[in-house]
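All remarks here apply to the structure that follows.
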Amino acid sequence: MQAIQDEIKQLTDELNQHNYRYYVDDAPSIPDAEYDRLMRRLQELEAEHPELALADSPTQRVGGEALSKFNQVTHLKPMLSLDNVFSEEEFNAFYKRVGDKLPDTPAFCCEPKLDGLAVSILYRDGVFERAATRGDGTVGEDITENVRTIKSVPLRLRGSGFPPLLEVRGEVFMPKAAFEAVNDKARAKGEKLFVNPRNAAAGSLRQLDSKITASRSLAFYAYALGVVEPETWPLAASHFEQLVQLKEWGCPVSSEVKVCADIPSVLAYYQDILTRRSELAYEIDGVVLKVNDIAQQQTLGFVAKAPRWATAYKFPAQEEITQLEGVDFQVGRTGAVTPVARLQPVFVGGVTVSNATLHNADEIARLGVMIGDSVIIRRAGDVIPQVVAVVPEKRPSDAQAIQFPPQCPVCGSDVERVEGEAVARCTGGLVCEAQRKEAIKHFASRKALDIDGMGDKVVEQLIDKELVASPADLFKLTASAITMLDRMGMKSATNLVNALEAAKQTTFARFLYSLGIREVGEATAANLANYFKTLEHLKQADAETFMKVDDVGVIVAQHLVHFFEQPHNLEVIDGLLQAGVHWPDIEEVAEEALSLKGQTWVLTGTLTQLNRNDAKAKLQALGAKVAGSVSKNTDCLVAGEAAGSKLTKAQELGVKVIDEAELLAILGS
């Protein structure tokens with residue numbers, strides 16, 4: 001038995017070494033026939049002695065039992081997206097922004113921007129443990145079994161020196177040859193074809209049956225380290241050197257990665273990759289540029305959803321000429337009225353395009369486009385088709401001007417366009433069918449009226465079954481009507497009716513927030529409530545008065561004026577008040593009672609005696625501004641249980657930190 005165990009280990013190690021030479025070094029070390037012979041021998045031994053199979057055996061890539069659904073995974077560290085630049089001018093502006101914040105001129109690590117899907121792969125003690133999609137950057141889907149089938153993903157890291165916990169981030173993609181093979185097979189079976197390699201990779205990676213994923217010849221390139229534990233683990237000081245380290249540990253890295261010391265060399269790299277784009281074995285849509293020095297990256301930091309130290313320099317999208325046959329006006333869930341060009345179908349960038357966005361009235365005027373024109377279509381970012389130019393010499397004599405509608409094409413409400421904004425919007429947010437679902441979901445949400453049990457799916461069913469058309473209709477619902485919904489028995493329906501009754505007791509700030517007024521978030525709603533004290537005073541205000549409120553500028557003031565000018569909005573508000581929605585009066589607070597006025601506070605961790613929203617509201621009532629992140633301008637951090645990175649940053653910056661007990665004492669609870 002020991003001899004068999006030794007042979008299994010020898011075959012596993014030998015095959016993994018050949019995989020490394022093939023997928024990472026791009027230098028096959030044996031003929032395919034010899035590789036196949038070794039693989040068959042290992043499969044025979046493992047079939048006879050399954051208990052001896054090793055976790056990193058290459059036979060484990062064939063796929064396992066099909067899943068019923070993907071589980072969600074919360075990333076240990078957010079997977080942020082990248083900002084884009086589309087021209088040399090925009091790149092120069094990015095370079096200047098970066099250079100202005102650093103004492104030394106930065107070098108950039110440059111690499112092709114793969115047109116695939118970002119994934120996170122965790123290794124614990126060098127062994128593949130979990131893989132997840134990027135998702136929304138915070139929460140992704142567990143695709144462990146599917147990624148396990150990708151031959152270029154090491155199931156065990158090579159060598160030594162890797163940390164006990166290592167997150168490898170990279171891109172899963174489908175090489176062009178594999179894409180053609182998949183489509184050839186689908187074509188032979190009369191099945192639907194994938195339109196491009198990215199869609200094929202996405203469809204393959206999100207298969208519930210990993211055997212299908214295994215058959216699709218996906219590939220993986222690592223592009224960054226993610227979480228490393230312990231955090232003190234010694235790592236290379238540059239991004240390029242970290243990629244070299246990943247390659248030494250067995251993770252494939254693009255052979256096109258290069259460090260560029262200055263603007264000319266970055267631009268030359270961009271042009272070189274653009275020129276060779278069609279020659280590469282995989283689809284790309286630009287190049288990624290990252291400040292190479294890790295210390296400089298840390299100095300630059302992040303904005304809300306992207307690092308300041310990196311950008312994607314996108315390639316020009318593919319373009320074609322076709323005829324604009326008409327324009328439809330679509331109303332989005334936030335009320336944005338968008339002109340959409342109806343086109344004579346044309347094949348652009350791998351897909352047939354029959355519609356393209358015209359964005360807004362300003363863009364129509366800038367283009368000078370008319371119905372009947374021949375137009376140039378571009379797939380912006382290789383995804384969203386748009387009209388980018390008119391071919392004036394082809395304009396027909398019967399071309400017609402495009403008229404922007406003064407009323408919403410869905411509900412007939414006025415269409416407004418606030419000065420300084422490009423987007424025109426329907427003002428019927430509370431009654432417009434196009435916005436109805438989002439308006440009522442917002443109204444019922446936790447930070448608004450907080451209607452327990454009124455989730456998104458319940459709202460969608462209520463509207464689809466025409467039980468509710470506006471927020472006021474929610475309070476007319478009966479338990480018997482609610483039982484018409486899927487999976488809603490009498491007990492659940494009664495609970496929801498009781499929750500609706502309880503939600504009638506709210507606060508003025510929550511009520512204002514629940515109305516979904518454009519640009520009026522939770523903090524602005526609280527400021528409005530504290531300033532005006534009553535709904536009647538607020539409804540009578542003009543733009544000048546609104547602008548006296550903290551955080552209310554010209555645009556928000558105009559949104560408020562337009563909202564309260566619309567009769568249908570006032571009708572919905574009256575309906576809510578008649579249904580019994582109410583709130584306690586807001587008492588005048590003396591200036592000296594605003595003990596925290598001018599201070600910025602941050603909450604982190606779990607509060608056990610006070611929920612987060614109540615704590616925030618009480619701090620705001622004392623004049624504090626409650627922010628979402630810690631900075632040098634933070635006056636105090638409230639650290640609840642399991643406080644994380646915010647606490648660490650506060651301690652590093654010397655920000656005052658208190659616990660929940662101290663907060664309760666300050667609030668007088």
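Every residue, even glycine, has its Cβ placed from backbone N, Cα and C.
Feature annotations, courtesy of Swiss-Prot:
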type	residues	note
BINDING	ASP32, ALA33, GLU34, TYR35, ASP36, SER81, LEU82, GLU111, ARG134, GLU171, LYS290, LYS314	NAD(+) binding site
ACT_SITE	LYS113	active site, N6-AMP-lysine intermediate
BINDING	CYS408, CYS411, CYS426, CYS432	Zn(2+) binding site
DOMAIN	591-669	domain 'BRCT'
The recorded positions listed are LYS113, CYS408, CYS411, CYS432; by CA-CA distance, the one closest to LYS290 (NAD(+) binding site) is LYS113
Rounded Cα distance, in Å, between ARG134 (NAD(+) binding site) and CYS408 (Zn(2+) binding site) is 37
On the domain 'BRCT' (591-669), the mean of the pLDDT values is 87
CYS426 (Zn(2+) binding site) to the residue listed as 'active site, N6-AMP-lysine intermediate', Cα to Cα, whole Å, comes out at 38
DSSP composition of the domain 'BRCT' (591-669), residue counts helix/strand/coil, works out to 30 helix, 17 strand, 32 coil
With neighbours defined as other CB atoms within 10 A, the best-packed of the binding-site residues LEU82, CYS408, CYS411, CYS426, CYS432 is CYS426
Simplified to three states, DSSP reports GLU34 (NAD(+) binding site) as helix
Students should find that the Cβ of ARG134 (NAD(+) binding site) has, within 10 Å, a number of other Cβ atoms equal to 20
Taking only the CA atoms, the spacing between CYS432 (Zn(2+) binding site) and LEU82 (NAD(+) binding site), expressed in whole angstrom, is 35
Around the recorded Zn(2+) site (CYS408, CYS411, CYS426, CYS432), other residues with Cβ within 8 Å of the Cβ centre, ordered by sequence, are VAL331, GLY335, GLN407, PRO409, VAL410, GLY412, SER413, VAL415, THR427, GLY428, GLY429, VAL431, GLU433, ALA434, GLN435
For CYS408 (Zn(2+) binding site), the spatially nearest of the recorded positions GLU34, LEU82, LYS113, using Cα atoms, is LEU82
Ordered by sequence, the long-range same-chain Cβ contacts of LYS113 (active site, N6-AMP-lysine intermediate) under 8 Å (at least 6 apart) are ILE284, ASP285, GLY286, VAL287, VAL288, ALA312, TYR313, LYS314
One residue among the binding-site residues GLU34, LYS290 has the fewest other C-beta atoms within 10 A of its C-beta, namely GLU34
